[in-house]
Amino acid sequence: MGKEYNMQEIIKAIEEASIKIKHLIETGDTGKSEQENSTGDTQLKLDIASDEIIEDIFKTIPSIKAIVSEEQESIVPLNEDGEYLIAYDPLDGSSLVDVNLSVGSIYGIYKNEFNAQNIIASVYVVFGPRVEMVVTTDDVKMYRLLNGKFEFIQNLELQEKGKLNAPGSTQNCWAPFHKQLIDDIFNDGYRLRYSGGMVPDLHQILLKGGGLFSYPGTTDRPKGKLRQLFEVFPFALTYEKANGGAVDGFKRALEVETTHIHDTTPCFFGSKTEINRVLEVYAKNV
Ligand code: AHM
Ligand code: MG
């Protein structure tokens, strides 16, 4: 069995999990559980149930060496001879389900070690009015769930410069230069598009030609909120392969060092023009 086959098998597993998660989102209880995840967030019953769906399916795949979930404390070893390591956020933005906004799942596929240097592919799934899956390997391909099957729709690519601005985190905790950057971008005519779900927000920027999504370090969270392995690196790979970029303010997000599986990092994703603008402003404000 070749490597291509193994990757296909993982994508099929993600498709199968996504069909079950779609049903869970539509019918499941949106209430809180009594547990916290390792970042200290109270887990929703939906977080735990979607995590179990994915883990049960991944456990059946021999090419997976180990998995780690945003909802679990530590790495779960699966097959000693397996080739792939998968880090996933089973239901990102789960607190938006009760107000019927879009949410998503994010998967980073790694080899050897869980870190940016070893990410080889990523997948995210958007659960909105439609279910769409975006697979990044050497390029970025979008699929849509139609009549129970994921059908290829199109390749995704960013334009050099976009029109949308998605500024995350708590504004009164922003550094003054960051606030100035965001104000300047709006003053240049960019439109605000921020739902509070990074999967639909980043999907919108990718599909509508480009722009900037930012989740900076703040006075209350100097290392930002978004997790490196489960959220930042998978989308960084997607944005780079789609002809855009992803940085932590100073360097490529895919050069950020990971010391712990639940580490977070400030992050910016966008088209090349907006990413260069972030780098210029941040370089002057170290
Ligand atoms: P979660 O993994 O606990 O669901 O949190 C991640 C979400 C992202 O989807 C989103 O971009 C961000 O948190 C929103 O945070 P904020 O409300 O601070 O802007
Ligand atoms: Mg998340």
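FYI, residue positions are counted from 1 along the chain as it appears here.
Any Cβ shown, glycine's included, is placed from N, Cα and C.
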Site-mate of Asp89, Leu91 for Mg(2+) 1 in TrEMBL, selected among Glu55, Glu70, Glu113: Glu70
TrEMBL Mg(2+) 2 site partner of Asp89, Asp92, selected from Glu231, Glu240, Glu255: Glu231
Whole-number Å value for how far Asp92 (Mg(2+) 2 binding site) lies from Tyr194 (substrate binding site) (Cα to Cα): 15
Subset of binding-site residues (Ser95, Lys225, Glu231) lying within 10 A of Asp89 (Mg(2+) 1 binding site), CA to CA, in sequence order: Glu231
For the binding-site residues Glu70, Glu231, the one whose C-beta sees the most other C-beta atoms within 10 angstroms: Glu231
DSSP three-state assignment (helix, strand or coil) for Gly93 (substrate binding site): coil
